[in-house]
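For reference, the structure discussed in these notes is given below.
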């Protein structure tokens with residue numbers, strides 16, 4: 001073993017040790033010392049603000065960084081992105097997987113299922129003009145996957161300069177919805193530019209390939225019992241679907257030539273698949289819920305008004321270092337960003353995912369109640385995806401998986417936790433579903449999502465494939481009561497043991513003097 005090898009190993013260990021030690025470092029420019037209404041006693045590490053990128057980007061991206069609350073995972077950093085395009089990642093921070101969650105009554109509470117149990121979590125409002133991010137010019141808002149990923153790559157380069165203790169971390173990117181476009185493009189750029197050590201991506205209910213969604217909407221509705229195959233309504237919607245699919249096929253350049261035909265198809269579904277057409281519709285993000293037409297879920301989740309008021313509060317904006325001269329209030333989704341986000345390269349995303357699968361693990365997970373980006377479209381996408389020299393999964397069987405973190409649900413379901421969904425993993429690609437969950441899985445089932453993503457980060461799904469051990473449900477007695485019951489049990493067990501031992505000795509002494517009867521020979 002050479003001296004140079006030993007020195008390299010020692011240097012790497014020293015770098016990792018210093019990195020872990022530096023994670024407790026406070027960066028005053030971005031450090032958040034307190035936030036209004038945060039639970040007393042909360043001591044988590046929080047930094048937020050901007051990296052002063054205006055000279056390069058003609059605008060700036062807003063970030064929120066929560067430090068890991070698990071010493072084992074201090075050198076793992078997870079980027080979370082919400083979709084839209086143009087929807088703020090503060091949704092993910094305060095309604096899904098951040099350590100501080102907001103209720104419908106504007107109460108902030110500690111989220112015990114936060115991903116800070118698995119590493120540092122970095123939420124970024126992007127592209128520019130989204131959430132607390134801002135754009136100084138109209139051109140800065142004009143976006144497509146290429147410009148968006150370039151802007152984000154520059155942000156990430158500057159981030160690890162400002163926070164060098166994170167530069168050598170193991171990084172992951174996760175998100176949902178239109179982040180199915182963001183994440184593959186960003187991941188490819190990060191890997192090609194070697195900005196950080198990107199070790200995997202996870203996309204929830206992702207908008208990845210438009211054709212996969214439009215082609216499977218009716219199949220999903222039939223599978224969920226909302227539409228009858230062969231009915232007059234099914235046939236009518238199939239005719240509208242055909243026009244939408246034709247416009248996609250004719251779009252050789254990757255741009256929708258007749259986008260209205262696909263919009264009409266979606267609107268016709270929402271209008272007509274209802275017991276009271278034109279009055280109520282199913283929630284497109286959770287088909288088990290109903291909404292007034294034409295909202296159809298746009299007002300969901302219910303906490304949105306409270307979140308808007310909370311984040312728009314001058315005290316909160318000041319605490320988070322928001323540029324109040326650029327952003328007057330927080331907006332969940334920007335219609336301006338959405339309208340100016342071009343469809344260029346949207347149709348190439350599945351090919352990008354195929355390329356990424358040759359280098360890093362990818363997980364596609366789906367809340368089963370989501371219509372807009374549903375699991376049937378995910379299955380169709382995978383079955384037509386080519387990677388590692390093969391098309392789709394070779395093995396057609398799926399396995400149930402179980403939430404290892406879901407203590408509350410374990411008790412609810414009795415001795416064993418119920419299966420949370422199905423999972424399948426081959427050749428670096430994992431497909432998983434989460435039952436009774438919406439478009440925003442961590443919002444509905446934070447513990448189940450924590451278990452699933454933990455297994456993905458650890459690259460060890462065996463921890464969620466085995467049925468959990470039986471759970472003993474202890475009545476809610478006082479400590480003294482429990483102590484007395486335990487002591488009584490110990491005394492009873494000791495008494496029974498003593499009796500058994502005495503009986504055994506007594507019987508043994510009676511039979512010790514007897515000589516066994518010898519068998520007579522034949």
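Cβ coordinates are placed from backbone N, Cα and C, and glycine is handled just like the others.
According to Swiss-Prot, the protein carries these features:
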SIGNAL    1-22  signal peptide
TOPO_DOM  23-478  topological domain 'Lumenal'
ACT_SITE  177  active site
ACT_SITE  370  active site
ACT_SITE  439  active site
TRANSMEM  479-499  transmembrane segment
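Over the topological domain 'Lumenal' (23-478) the predicted model carries a mean pLDDT of 91.
Distance between Cα atoms for residue 439 (active site) and residue 370 (active site): 5 Å, as a whole number. For the pair residue 370 (active site) and residue 177 (active site), the C-alpha distance works out to 10 angstrom. According to DSSP, residue 370 (active site) sits in a coil region rather than a helix or strand. On its own chain, residue 177 (active site) has 82, 83, 84, 87, 204, 205, 206, 207, 372, 373, 439 as residues at least 6 apart in sequence with a Cβ closer than 8 Å to its own Cβ.
Residue 370 (active site) counts 27 other C-beta atoms within 10 Å of its own C-beta, drawing on all protein chains shown.
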